[in-house]
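Working notes for the structure below.
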Amino acid sequence: MAPNLRKSHPLLKMINNSLIDLPTPSNISAWWNFGSLLGLCLVTQILTGLLLATHYTADTTLAFSSVTHTCRNVQYGWLIRNLHANGASFFFICIYLHIGRGLYYGSYLYKETWNTGILLLLTLMATAFVGYVLPWGQMSFWGATVITNLFSAIPYIGQTIVEWAWGGFSVDNPTLTRFFALHFLLPFMIAGLTLIHLTFLHESGSNNPLGLVSNCDKIPFHPYFSLKDTLGFMFMLFLLTTLALFSPNLLGDPENFTPANPLVTPPHIKPEWYFLFAYAILRSIPNKLGGVLALAASVLILFLSPLLHKSKQRTMAFRPFSQFLFWLLIANLLILTWVGSQPVEHPFIIIGQLASLTYFTILLILLPITGALENKMLNY
């Protein structure tokens, strides 16, 4: 019998083992769709980004007008830009839901997969940040100034690092050109990290909602989950195109319709919605260095998840107290996101401080203690 090319060809067999004959737990729910949706987001962003880059000029005098030109004069330029800008929001929605799934179902116990996932999140955040600067509107400029300035809080070398990042003594032309270079490069780094992420995942196989070893009950990825993923693709692309066509500026900042002006500071500098929770944590600490450390800790705390898992059960499916804390954490993050969008005044300052404290308390103290208590309850 002739060998099956799909299984024998050096390249095709890699694709086959990853996407076709991959043994997959039969009971994974729709929460396992977000990995493939993130892949779709990445492909969409790279394609729309390449098309935008062909019409973009990375120069302070021309950047704003080149973006305007793309929207007004390029065939479907407005659509490509709207898809790219809102595609970033969907990228973050998917990655946050993906991380939430990982926390709820104990996927972080696959340590290598989890750690590469956090690196992917950090790279995505860096990509989104440098990308937001490129249209060179007011919020682009001042957002870049405020966030890069945070590095000056690092003792001794901080100011040098900031000036080195800026390529001068303020955010100017050298900053814009290097940010464009980084924004072009980083998505391909994300693509490379994604392959590493998948390699580690396929070493262990997927987790499942019960958190049990599912080797006795696995089915091929294709056609079952390839079809399920396709449904997810259609649903997400429908939502993305709906947003891009009906309300493209819903999630943007009106300040960005004004070209960057170093002499006029916007009344309220704030990042895009997907960074607001971290921005609220940064603002909740009156000390600059303390705020920067809290900001870093808000994301890097995810590295500790495998070490803080004290339960004998992997998932939260049968742990009602941990479930309550998990949803409390989600509500807390939504409060932080809302506070981050508000001005720095009473009562938002105290709400932000309490929400920041609660965020770290739940992750570092309450969840591990609850896990240990639930173990005790299993004995009775």
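Backbone N, Cα and C atoms are what each Cβ position is placed from, and that goes for glycine too.
Features as listed in Swiss-Prot:
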BINDING   H84, H183  heme b b562 binding site
BINDING   H98, H197  heme b b566 binding site
BINDING   H202  ubiquinone binding site
TRANSMEM  34-54  transmembrane segment
TRANSMEM  78-99  transmembrane segment
TRANSMEM  114-134  transmembrane segment
TRANSMEM  179-199  transmembrane segment
TRANSMEM  227-247  transmembrane segment
TRANSMEM  289-309  transmembrane segment
TRANSMEM  321-341  transmembrane segment
TRANSMEM  348-368  transmembrane segment
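The transmembrane segment (114-134) and the transmembrane segment (289-309) are in contact, since at least 3 Cβ pairs between them lie under 8 Å (pairs 6 or more apart in sequence). With a 10 A radius on its CB, H202 (ubiquinone binding site) counts 14 other CB atoms from all the protein chains. Taking pairs at least six residues apart, the transmembrane segment (78-99) and the transmembrane segment (227-247) share three or more Cβ pairs below 8 Å and count as touching. The shortest Cα-Cα distance between H98 (heme b b566 binding site) and any of the binding-site residues H84, H183, H202 is the one to H202. There are 20 other CB atoms within 10 A of the CB of H98 (heme b b566 binding site), with all protein chains counted. By number of Cβ pairs under 8 Å, the transmembrane segment (348-368) is matched best by 289-309 from the list 34-54, 179-199, 227-247, 289-309. Cα spacing between H84 (heme b b562 binding site) and H197 (heme b b566 binding site): 24 Å, rounded to the nearest whole number. The Cβ of H183 (heme b b562 binding site) lies under 8 Å from the Cβ of G49, T127, V130, G131, L134, each of these being in the same chain and 6 or more residues away along the sequence.
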